[in-house]
Each structure stands twice: as structure tokens, then as C-alpha cells.
């Protein structure tokens, strides 16, 4: 006997994500989900971002890692509230799911935040699939990776709103074809804003920070 | 890579879909629709499902996976086409202003109960 179900498998995740989104809306907190492959320089980027924005906005960060607290320790030095969530309780999960974020929110006073950054697990596949209640998704790519990452992981580049091309200080030492990388990004996601920068030297950081400021201001005025 | 989490959700939803008056029933198969753009690999999903369903009402159920092609529609010229690779640009007019209208599905369509288990 056949029984019709017709239900999205990720419905339970979406329901929790929507609850978090409602909390963020109530408190006017702009939430950005930052994703990348491992080693793209995401933690350095966020360390610098938080340090540079510390005097003008109230920021917090949730750091996802399969295990270890190394990233959280680094980020705590920027002086903002950091909550580390490890996903290994379920066999080394490869992404942050909505319920993990919802649980971490208890550690923050959302009424005292303007910006919440969520550093997802380093992985270009699975995190693309999971809504965690964020306002925007950003993908970080670095010039030490292949130019064709966007076409190898199209879903990630489709679902993200902006891209950061990191480690551009290394360009003189590499055979990286920057134009090809930009073309691949736009092949998958036409018109996607790309912030080319070096988190290490802070060259190009201003445009990325400007985008974050703009989003925070917009969310606050809603 | 996250197929285990997906498998657990499928088990939850399928188990909850067995009508109360038919319990205990055994689920023989589950029909899924999986978009080609979704980050799910059917073989991995089958493996995870097999492991995770042990001891549940859906143990041993066959996963019938219907793959859904990636179809996009151009907002500029209105044409729609099936994508066979990661080129998200209109085939007719070249515009990048497109929307993906299918290919991200991850749905349980139906479950099939074993004959005889309707009337325990």
C-alpha cells in the first residue's frame, strides 16, 4: 500500500532556521554565514574583520569546527563574544545545521549585537544545503586554490550572495589566473560581488568591511 | 558528506508517515526525489540509510531515488532549458539573470507499506 508523503527532507532544519531568523529580525541583528574550503584563510579574515569593526559595531561570532577550539581561541583575541560549536557529536558532521546555531544563540545577548558572523565548517559542499537562519551567505576562496573551484562546487557559489577572493598578496608568486577565477564565479553566479583582498596585509579589506557596514545598517533600519 | 544526517531525517519522516491504525507496519520502499544540484550522492545515501535504519520500522526498505534534472529559466527572455554542467547562463540570449526552477529537490514523495502489514 502506497502512502503519499511529499515532504522536504530538510523541512525540520528549515523550521528551526526560521525560528532563529525571527529572533534576528526582532533584535535587528545582521547575520552572515561564512563558508569556504579548509585553509582559505577564513579565520584570519574574520579575526581582522572583527578587530577592524570593534570600535563601530557590536559583533559576535559563532565558530563551527569538527573538533578543537583553535579557531575560537584565535578569534577571542579580537575581544568579541565567541561561541565555539563542535559538530563531532554526530560523527564529525561536515556542516552547521540550524539546530546547532539555535542552541548557540543562548550564549549571546542578541539585544546587544549588531552583527553576528557564523564561521561554518571548512567545506564547499554540505554547508550550501543548510539554511541556518542567516541574512546573507558569503563564500571565501583563496588564490592558492584552483581557479575552477566555482564550477566544481556550483551550488555553493549559486547560493552565496558575495564572494571574497583572499590571499591576493601571494599573486606575484603564483601562476594563478585571477581573471579566469572571476569569470568562473560569474559563470555560476552572474554579477556576484567579489571582494579581492588579503586578510594578512589587509589590502582590499575596506570594500568587504563597507559591505558588512551597509548590511548592518540596513538590517537595523528595518 | 552529510548523507547520514539526511538518512536520519528520512527515517524520521517515513516512520512518522505510517498511519497510526496500521502500526506496526513495515515500510518496503521509500520514493525520493533528489535534484541533481543538491549535495547528495545517491549511493552514499543508500549506504547511510541501510546502516541507520537497523531496528526501525523502515529497516531494509529500498530507497527508490528519482533524480531531478537542473532546469533554469531566463528572466530576460523567458526561455527555459536543462543544464548539463555548471554554466548558469541563458542558452538562447546569454543573460546571466536566470533562476533555477528545479534541481534542488530533496523530497520524500511516498512510502510503500509491505503487503499484509496493513492489517496486523
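Residue positions begin at 1 at the first shown residue.
Glycine too: its Cβ is placed from the backbone N, Cα and C atoms.
Whatever TrEMBL says is automated annotation, not expert-curated.
Now, the feature entries from TrEMBL:
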| type | residues | note |
| --- | --- | --- |
| BINDING | B:2 | Ni(2+) binding site |
| BINDING | B:74, B:77, B:90, B:93 | Zn(2+) binding site |
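The Cβ of residue B:90 (Zn(2+) binding site) lies under 8 Å from the Cβ of B:72, B:74, B:76, B:77, B:79, B:81, B:96, B:97, B:98, each of these being in the same chain and 6 or more residues away along the sequence. Within 10 Å of the C-beta of residue B:2 (Ni(2+) binding site) we count 22 further C-beta atoms, all protein chains included.
Proximity to chain A (Cβ-Cβ under 8 A) holds for B:2 out of the binding-site residues B:2, B:74, B:77, B:90, B:93. Spacing of the residue listed as 'Ni(2+) binding site' relative to residue B:93 (Zn(2+) binding site) is 37 Å (Cα to Cα, whole number). Considering other CB atoms within 10 Å as the measure, the emptiest surroundings among the binding-site residues B:77, B:93 are those of B:93. A Cβ within 8 Å of the Cβ centre of B:74, B:77, B:90, B:93, the residues given for Zn(2+), is found for these other residues of the same chain: B:75, B:76, B:78, B:79, B:91, B:92, B:94, B:95, B:98. Under the three-state DSSP scheme, residue B:74 (Zn(2+) binding site) falls in the strand class.
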